[in-house]
Amino acid sequence: MNIHNASWVRQDIIAASPRPAAQGGVAEWARKNLFNGWLSTLLTVASVTIVVWMAMALAPWLSNSIWRANSLAECRQILDGASGACWGVIRDRWPQLLFGFYPPHLYWRPVLTFALLIAALAPILFRAIPQRALWFSAVYPGFAYWLIWGGSLWFPVAVYCGVVVAAGLLYLTARVSRGLAVASATVGAALWWTYAVQLVSALADDVLPIALTPVASREIGGFLLSIIIGVTGIALSLPLGILLALGRRSSLPLIHLLSVTFIEFIRGVPLITLLFTASLLLNYFLPPGTNFDLILRVVIMVTLFASAYMAEVIRGGLAALPRGQYEAAEALGLDYWKAQRLVILPQALKISIPGIVNSFIGLFKDTTLVMFIGLLDPIALAAAIRANTDWQGIYWELFIFIGAVFFVFCFGMSRYSIHLERRLKTDHR
Amino acid sequence: MKLTIALAAVAAATLTSGIATAGTMADIQARGKLNCGVTGGQAGFSAPDASGVWHGMDVDYCRAIAAAVLKDPNAVNFIPTTGQTRFTALASGEIDILSRTTTWTFSRDVDLKFTFAGVNYYDGQAFMVPKSLGIKSAKDLDGATVCIQTGTTTELNLAEYFRKNNMKYEPVPVENNADVQQKYLAGGCDVYTSDGSDLASTRSSFKNPEHHIILPEVISKEPLGPLVRQGDDQWADVARWTLNALISAEELGITAENVEKLSAGSDNPDVNRLLGKEDKLGEMLGLDAEWAKRAIAAEGNYGEIFARNLGDKTPIALPRGLNAVWTDGGLMYGLPLR
């Protein structure tokens, strides 16, 4: 085709004309998205009806909210027959829902612990915080334990000294052989924790007593308990899960077999069974009078449970990596741990982020199961509050409040995972 | 085979733990605190208030024991237990006494190896219906839909009662008490059945309690009482006789208010014996002479405890009924302290 053979060719550009009035604007958007065909129209009308109906049903209940009442009977008296939410129960009992039976004059301790938790998490979660702040994150667990349970400061310090002992042994024996170094460090730390901790903390106490009023585990409840179990479980299950996932893919038969057995056993058993084991069965087998803290037992069980799931999530990420990555890492001359740390895990973990956060959220919500073994988590406290004659008969208000608090935490985790995914997105730009 | 071995191991562990804690009272006195297992929340029996202080029938009984044994009614750790954990908690020694609306039955006493200290509340299963149905007796309930908590003895009692009376019913199983209330009020069932005390306290929480009636028939026996591990008779005696001291105190007219005055001495030898002026009852129990005086001073006699937690002054407003002392036609019969 030769353009010169054409009888007429336009040489200038037509000026843009405004689009027809019927196309564009709200009306066009609604037609395209809401009333596009009879099915779409039907669904739109149905859902709008449901939303309006729910709003109509809830609006009077919410707009008649009563905050200033000290019992359900008082609420009903104020409402005088109208339907309305009685939030007075939250005003009356929110310290209990947050802290359980923690002594009120010591509330500052869990509050400070929570504030410091945010400070300790910041350098791990966000890049903008200088990485030097990580030393605080490392010290935080011991400090948090001391703040919440009280007692002597030297006990957590002595426990931390075990890590120093292990590091020292590792450094001293590293030249002889790597296996020996790891073994001696492990044995040294274990010996320190079993025999020296009590002695050292008692000695330090004599020299310089620094102690807070001790608070017993049974006084800890409410969201404080949920957060203690949830955060500890989350923080411990990720590293354990990574080790288990690597163990399951290991070529050493013993490690492989142990990992598979552990993961499959824990995944095959409901969490509630493990919790009952922690609270009931251990009681039979431990010598009478053993003071093995119930919260500690529960944290251990929840961590084991979550780490088995975590291992499978991370194994999914490992399996998704192309074989070439493993071969490339080997071709670079990296040993196993360096290859995992520098090449494999950064990619595998990135792929697994949605699954990992999913497990975290599930774990945090599962903490409410501890009510079945007699620990006073928010749900159990709601039952206890309803048993008080002042608030007997109240129902939705407590559960809405508890649900809202859980939503804030879980939604926060979910948003952070999206942020992390975006930050780490390096492919397909 | 393996199961048998595992069960034997559990039994052996239970046994050894029972032997090792043979001196429960010495343990408690060394510890300075009584570990009392209660329910996590049941109106009138045990529930924490806004400042975390526990109140209720079962709670007050533990305070009386603490007063008798430790001379301080507040030296109690209240440990919330659930229906599943209560017996293990007691058997394993985590708690010293279980005071948790527990029905005294043969199998619990004999098979589970516990000792009941007595009965602190005579309960029984009953029915609640809306007044508008016009039902006056449980015999009129043929064909009714019945709301019931699952996994309880009430479920079995209900089935037996209807079979015995040749009636039909449709059970509406619901998980817990709060859900049953919602379901019943929403009209999901015609009848709600549970223990009488539970029905009364549930009804008291309704918006219009006068629109509901509790039918006169009581279809089961639920004697609720505190229990301890079998094999430590001294501790079981303390639990049993503290309860009897509280009941006897009501019979004798000793209250938290006048106990101090009466303990100086009175004309009634029964009062003198109970409060430690005559005989040496406390020493036989391994306590001092004033144990019962302290137990009564802690939260009052049985009648006062009942009135404060379940009686007319509370929204629950249960009549004494079977729980009146025997001289008033009830079943509360304080064993003679002499």
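Keep in mind that glycine also has a Cβ here, set from the backbone N, Cα and C atoms.
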Transmembrane segment according to TrEMBL, located in which of A:257-282, A:335-360: A:257-282
Residues of the parent chain within Cβ reach of the transmembrane segment (A:106-126), under 8 Å, 6 or more residues beyond its termini: 95, 99, 133-134, 136-137, 140, 143-144, 147-148, 150, 212-213, 215, 224, 227, 231, 416
Maximum Cβ pairs under 8 Å to the transmembrane segment (A:257-282) - stretch from the list A:133-148, A:294-314, A:393-413: A:294-314
Paired segments the transmembrane segment (A:154-172) and the transmembrane segment (A:133-148) in contact, 3+ CB pairs under 8 A: yes
Tertiary contacts of the transmembrane segment (A:133-148), as residues 6+ beyond its ends and Cβ separation under 8 Å: 109-110, 112-113, 116-117, 119-124, 155-157, 159-160, 212, 215, 220, 224, 228, 235
